[in-house]
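Asker: This is the feature table in TrEMBL:
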BINDING   ASN72, ARG77, CYS82  (2R,3E)-phycocyanobilin binding site
MOD_RES   ASN72  N4-methylasparagine
Amino acid sequence: MRDAVTTLISNYDITGRYLDRDAIDRLKSYFDTGLGRIQAAAAINANAASIVKQAGSQLFEDLPELIRPGGNAYTTRRYAACLRDMDYYLRYASYALVAGDNYVLDERVLQGLRETYNSLGVPIGPTVRGIQMMKEIVKQQVAATGVSDTSFVDQPFDHMCRELSEQDI
Ligand SMILES: CCC1=C(C)/C(=C/C2=NC(=C\c3[nH]c(/C=C4\NC(=O)[C@H](C)[C@H]4CC)c(C)c3CCC(=O)O)/C(CCC(=O)O)=C2C)NC1=O
């Protein structure tokens, strides 16, 4: 596990440098968004089930073929697996938001995921769409708590989408 502060400090420690202007700016930006990050985690915690449900309904409404025979989320088992995956993405996004660092996503969520999805025929494009839908819902909810700039919320969701979409190695 890493967070914005430990990652920064270890980078400076490796080269024996004091925290320079650039480091201070990065720390400032992390702490300036600190309260918002905590509010985002609280909003996610309070609404996780409904965020997943809402994004899931929206996804299956936009792409009904997913839940028709032949679709990857067809059958109750696979439908439930799909919503469970969405729940994983949301929960780990909340950890990464608080940490201000995406490392937890690389380590716990994304490692080997694309290969698993490819071997099970889980379509990446629609998964990415589901993650983006959750991002938009979370941003609305964070904005509703009075946070004016919610752009920091994008980071973990966009990171997962980018990593998932990457072409085969
Ligand atoms: C915490 C980290 C973590 C992640 C991320 C994770 C994902 C994950 N999703 C899986 C399956 C799955 N994932 C989906 C998801 C979907 N199908 C669709 O059509 C939609 C686009 C999408 C939902 C948005 C489905 C349907 C399966 C079951 C596929 C199958 O068994 O045929 C599997 C295979 C094993 C299983 O079924 O449990 C893994 C490992 N597991 C983990 O431990």
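Even glycines carry a Cβ here, placed using N, Cα and C.
Remember, it's a predicted structure, so these values are computed and weren't measured experimentally.
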Asker: Enumerate same-chain residues with a sequence separation of six or more from CYS82 ((2R,3E)-phycocyanobilin binding site) and a Cβ-Cβ distance below 8 A; give 'none' if the list is empty.
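Answerer: Correct list: GLY56, LEU66, ASN72, ALA73, GLY130.
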Asker: 10 Å Cβ neighbour count around ARG77 ((2R,3E)-phycocyanobilin binding site)?
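Answerer: Its Cβ has 9 other Cβ atoms within 10 Å.
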Asker: Helix, strand or coil: which one is ARG77 ((2R,3E)-phycocyanobilin binding site) in, per DSSP?
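Answerer: In three-state terms, ARG77 ((2R,3E)-phycocyanobilin binding site) counts as helix.
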Asker: What is the Cβ neighbour count of ASN72 ((2R,3E)-phycocyanobilin binding site) at a 10 Å cut-off, with all protein chains included?
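Answerer: Its Cβ shell of radius 10 Å holds 19 other Cβ atoms.
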